[in-house]
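The annotation thiamine diphosphate binding site is assigned in Swiss-Prot to His73, Ser114, His115, Ala116, Gly147, Ala148, Asn176, Tyr287, Glu368. Sequence annotations record features per position, and here Swiss-Prot assigns Mg(2+) binding site to Asp146, Asn176 based on sequence analysis.
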Amino acid sequence: MGILNSISTPADLKALNDEDLDALAKEIRTFLVDKVAATGGHLGPNLGVVELTIGLHRVFDSPQDPIIFDTSHQSYVHKILTGRAKDFDSLRQKDGLSGYTCRAESEHDWTESSHASAALSYADGLSKAKQLDGDTTHSVVAVVGDGALTGGMCWEALNNIAAGKDRKVVVVVNDNGRSYSPTIGGFAENLAGLRMQPFYDRFMEKGKTSLKSMGWVGERTFEALHAFKEGVKSTVIPTEMFPELGMKYVGPVDGHNQKAVDNALKYAHDYDGPIIVHMVTEKGRGYAPAEQDLDELMHSTGVIDPLTGAPKSASKPGWTSVFSDELVKIGAQNENVVAITAAMAGPTGLSKFEANFPNRFFDVGIAEQHAVTSAAGLALGGKHPVVAIYSTFLNRAFDQLLMDVGMLNQPVTLVLDRSGVTGSDGASHNGVWDMALTSIVPGVQVAAPRDEDSLRELLNEAISIDDGPTVVRFPKGDLPTPIVAIDTLEDGVDVLAYEDATDVESTDDAPSVLIIAVGERATVALDVASRIKQHGVNVTVVDPRWIVPIPQSLVALSDDHDLVITIEDGVIHGGVGSLLSDALNASEVDTPRRQIAVPQKYLDHASRNEVLADYGLDADGIETTVVGWLDSLFGE
């Protein structure tokens, strides 16, 4: 790691020669494999942007020239080159480096949301701020993947960026989708190089003016030459990806040729106006196990063997795999069931459905808003769409759920993977807002399964509902031990336990506590119940299964107990506890009620168990909180 050890700031890159740069790129790839193999993370994307990121920091002066990484899962090399290499052993660990850009870590990090398609809007706003401050020298750079360009927000931003002819916005498209070739013959290479020569712009503008001043003949000549140029351009530039926005375009550029990368970025740096630089890169570059992973190119990994790329521990069947299997079974029985993903068929478990029913599967790209409204259209056409997305990405499509699905009472089922606390992926990947958001949609029904069997049951129930939208939410990770209900009430609420108080003369005289456990929180609720009964209270534990709207039996049960506690994995405002409190108030039930939920804040990254413990949401923390309530309410 000779060259890498000498890099502590981006300025250290500027004096390196070609040989040093090649050596540095190799060292960075070795470093990435070694460190990410030990912690897990986004390996493939970062292996693909080594030369690109080196070039960005050689040409631009960060942070004076802001560099914004869309999604920012591909910012590891950026972190290495901005003085954080020494901290990579803590990547995605508690109190360690974030897996995304993080403003608290470095002045070189401008944003920290890991949601796609937002970088160009940030860049548009930053460039406007610089213009208002009279700064005409510095550029704003946005690095966006070809996948993110399937998001409508990118094109909204590009439309505004293109309108700012005197704003220095550099849009670097990191095209690793293998859709376009970086080299299309020698003529294409020469044309791409020609377009980056300063005299080319002057010549084209002067020639255009001269020809048009020659009257009819000049006009026809210009049109013919322009048509020829555009015809040639269309063989080089993927015009279906980059429509005529009125912005300067450079590329395609071989994103692994350092000299070509630097030249293109230098041209963009010196260009007075918005410009698109199209870099073609290879995800997983330089690491054989990633290059051979044709499906994912090691986009994201857990802890792996750095030599083979094999996981260090075998993964257990999780929530997603159960959903995947059950949906295929449902699809085989009901040909009107269709599935929609927003560019995440594998992570959300829809690949198996796609393999079995390719004509009933739709990948809409990174476009959650479109996914939900398209689902409404499918429902209007007599189908029952199942939209599988991560809980955190539902935030982007709330208006579509509220107005396009909910208002029309369409039978669309949203399956929200990674609900609740997700942990190491950081604040913006937690799925803690979905209950608060979905619960305000009139007519929506929301289910929260506690284990494998209830997930299968609730998914079937949701898809059988044909008069309005349904939501099924479940967390990330392994499945808990199955919990068998000891009783089921008329409205479907499962009773999981009756725990009699211990160390009391008569349980009839002991205060009674009702614990309402949401989804997989049933496991910890049963643990807590077995503990607090030793403090002289009788405990009933129930699982509502369908949490929105609040089942009427929960109101009756609350009226029959001396204290009601809700335990959930969403934010405290607007969740099940809030909904229950509203229902009790409406029925004039004055039983004291308390909530165990996620605080109203953005959670730092750590493992899921660490986050739960930090906020008192594990069994120990909940027991301590509940015992305090018992003492204040029933203590002598």
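Glycine too: its Cβ is placed from the backbone N, Cα and C atoms.
What you are looking at is a predicted structure, and each value in this text was computed from that prediction instead of being measured.
Structural mapping of features recorded in Swiss-Prot.
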{"residue": "His73", "record": "thiamine diphosphate binding site", "DSSP class": "coil"}
{"residue": "His115", "record": "thiamine diphosphate binding site", "DSSP class": "coil"}
{"residue": "Asp146", "record": "Mg(2+) binding site", "DSSP class": "coil"}
{"residue": "Asn176", "record": "thiamine diphosphate binding site", "DSSP class": "coil"}
{"residue": "Glu368", "record": "thiamine diphosphate binding site", "DSSP class": "helix"}
Around the Cβ of His73 (thiamine diphosphate binding site), other Cβ atoms found within 10 Å total 21
Span of the recorded thiamine diphosphate site, as the biggest CA-CA distance among His73, Ser114, His115, Ala116, Gly147, Ala148, Asn176, Tyr287, Glu368 in Å, is 32
Within 10 A of the CB of Glu368 (thiamine diphosphate binding site), the number of other CB atoms across every chain shown is 30
By the 10 Å Cβ-neighbour count, the most surrounded of the binding-site residues His115, Asp146, Gly147, Asn176 is Asn176
Glu368 (thiamine diphosphate binding site) and Asp146 (Mg(2+) binding site), compared by Cα position, are separated in whole Å by 16
Whole-number Å distance separating the Cα atoms of Asp146 (Mg(2+) binding site) and Asn176 (thiamine diphosphate binding site) is 7
